[in-house]
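Participant: Annotation comment: TrEMBL describes 1-123 as domain 'F5/8 type C'. The domain 'Laminin G' feature in TrEMBL is assigned to 129-298, 304-459, 702-867. Among the features that TrEMBL reports, domain 'Fibrinogen C-terminal' is placed at 497-542. Annotated disulfide bond per TrEMBL: 840-867, in sequence order. Among the features that TrEMBL reports, transmembrane segment is placed at 1095-1120.
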């Protein structure tokens, strides 16, 4: 270890202290040779109040073209001292190799001056260097010796530096005219594949940026069989290649390869499999040939650049006079920037009374006509401004007054500089006035012009988009000080496109109130797996994810083989299966003289492959257990031949079938199917493989209940160095508590409920604590579920609570951004066991990974797995009189009292009626009901003690007149006064008809007009028919065998009254096989994933509406005629025969109940 001290005498006084204490001072150290610098240490000036509190470090090989050292690729400043005596040492995260070191003070003790004692630590650095002039003949060529054995791994490594942004750096040839090239293009390194010397290259990878900055860059290429690991500086990319590397050439071989020219610059330590090629060249080894002008030293052109880093930056240069030869004044320079706009230069025209401005506007030079666009691409662009009479101005300009670059001084009283535009932020070099170079070193030494906030003899441009911080394919763009991610069409959101905009499962969509349909789900949230389009079937008690299959048939000898492709990637499929509670897939085989599995002792004729990847061989069939080599009938013991375990193994001439569901998740999905016994004469078979259906989401309801403030769960350290997203649901009756906390040495991350209406997300990555708060207008301690989503990345931190707008906090532009944690992750509490959370936490996910709270809670005192009470949050989803029922994991909508069905009781129950179709529903005596019992839904039977009637239905028809319904009621009750007679109220609509009271009818024959209308029948659609709490149409369609209904004519459920789409997976193709050659199926998808959308017609045209309304008015005259019969004797109660069709019980009160004849309801 080499140590060098500057101004640090052992006895006492000493140190560096410039005469002026400002930010334009620096201390430069010449180490005498290139050194690998590993650490620096600072100390204040001895016996004084002079010390630095922060500073910058610069390095250089030549004393020019300085490069600023940055920590974590972002932090530019180093912490200094707090007094004059203590030593502060900083170890460089990445050692710097340089001969010259420059320290620039940023801040110092406000009560003193700049004062410094400096010590550097490092080791001597040795290297072999070669310089190439970029000519067509300048190159090194290395060829393998004949008979050299190929190795499974080859590595080429080197360092390079250049000022040119293009050129061929490495070239390797393979077999068949294939070759690989590494070429610089616009300052980026491109890996190109060519087929032949004249073909257009195909780009395999692009890595690095601003590689033409005349600083050393590390390059390594590692070949492993059919892929390359390409590394530029600290960033590596894996690339698949179709050839083997045979030779390394730099940059060209004897064959002419189309490229943008050879490399011009310096190479250092060029190694091929640890073989130093530059040393071989020096020793004139025959394996390496030198072509053209090659020298063994690095000759660098000196070009002094200047950086304008901020809004206060400007450079003022003295004016110039026109030369006699040109007859005018010229100004020239090169610039590079990321900004779209900014003033490049300006000067006044005293004689003309005007001003010349040259500025960037939307990436185009404005003020004078210049060709070119997209000038904010970070590349060097040249500008030359010449004044000649009649060109730039009316008269020839013989003198330029003081010229200003980038901006104007803040205190310009003489108005020599006016800037109505943004300042320029970027770099300039090769600045000339009247064809004379401007000496920027004299400017730096304050011997020429004036300046403010400049970095001279360096270009401080940084490419914040290389590597891109935008995740999931987000497009990165940048300005001089920041980058921006365009997340459109990526499926992700946030400042870095980190968080998925889609839910992780159908279960989550269900609890957002969605009904069946196609949805994108992102199974790992912010993880690397892309979203996938699936069909979510939410018509039952549980949701299901459905993935369609497509087949690729093939024939192998006497066997028929078929392979199934799924409309999703392998990773998506695997994760979707693993996080589902239950998965199933139908497997069916219909046969005639085609055996299936044989016996458990023999070899199976057919088998299938299932599970991850290509799948494993499975010898059981649908409905049986894995490894059993049986079918469902063998497990149930009802096969057609008791000696066999599959129906098809009986080998009969009659058609038979073996079918069932495959439910073992480790064996799903079905990948391939091999059928063997199909070539015998008379053999015939058909198979059917259904779609993969997965139900539930075991992560969505994974919850834990914390009943004490001192209870908590702990997990391994959370790793979210650059991006971290945390989401969970909570419910509580407490007003405060910590949800989550993870600590480091200095860094931390925490989410807590700070009050009954506020959630706080706080963290520290080394820049000091930051907080993001969200205030709720409603209390959060209401024992209802609330959702929290927090994200922290290199640009900002955000916090979202329920559906409230997200709160954000920007990160410092040049601050620390690595979150470094090292302790355990605490859930529901803290390491100090203070401010713990009391309540439930559910579905906790960190960077898309769900933590298993229930598993950890089972072994942790004070924490219980699971959390009941979901209806308080989700009960409103149950519509149309649906009732929320609690479950251990979730809830269920009981639609028993509703005329609707579906997961949320919002699916209409409709039927299409023809002229001969009717439904008759019969009520029974109240006292009878108590003698019977039934488990039928209450929508089929309810309290028949009529305290008023409410009939509602929806209909659609083009028939008029027509009978929609008819009520017949025969009562035996005491006489009532005339003024208490029943009143008729009826509301007619085109789409909805509601009768609030059904009138009693006489027991005599029907009115002739009504009978005539009834004989016409009804043709149209009826939907959601209800009578009080009874749903006759729903009972007839869903429970026809157990309901007191009589159906006349054809009646089938239809979606004629609903806009809901039919299940697109209802139809399946069956593929037939026989002994005929070439009959291998149609090759179409096994399951046709057809999206059908049936739209409800908005209304009838005006003429039809008029006809229907008129017809209804006529019909109403006959339908609602009041007929009452009063009997003088008191009702004693009449026993009726029990109905054998509908045994049920009820809580009807038999006392003082009227005896009621059967009441029928016809549709």
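Start at 1 and count along the chain as shown; that gives each residue its number.
Cβ atoms are placed via backbone N, Cα and C, with glycine included.
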Participant: Please report the number of other Cβ atoms within 10 Å of the Cβ of residue 867 (disulfide bond).
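Facilitator: Total other Cβ atoms inside 10 Å, all chains included: 25.
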Participant: Including all protein chains displayed, how many Cβ atoms other than that of residue 840 (disulfide bond) lie within 10 Å of its Cβ?
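Facilitator: Within a 10 Å radius of the Cβ of residue 840 (disulfide bond) lie 22 other Cβ atoms.
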Participant: Within the domain 'Fibrinogen C-terminal' (497-542), count helix residues (DSSP H, G, I), strand residues (E, B) and coil residues, in that order.
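Facilitator: Split into helix, strand and coil, the domain 'Fibrinogen C-terminal' (497-542) gives 5 helix, 14 strand, 27 coil.
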Participant: Across the domain 'Laminin G' (702-867), what does the pLDDT come to on average, as a whole number?
Facilitator: 91
Participant: Could you give the number of helix, strand and coil residues in the domain 'F5/8 type C' (1-123) as assigned by DSSP?
Facilitator: 0 helix, 68 strand, 55 coil
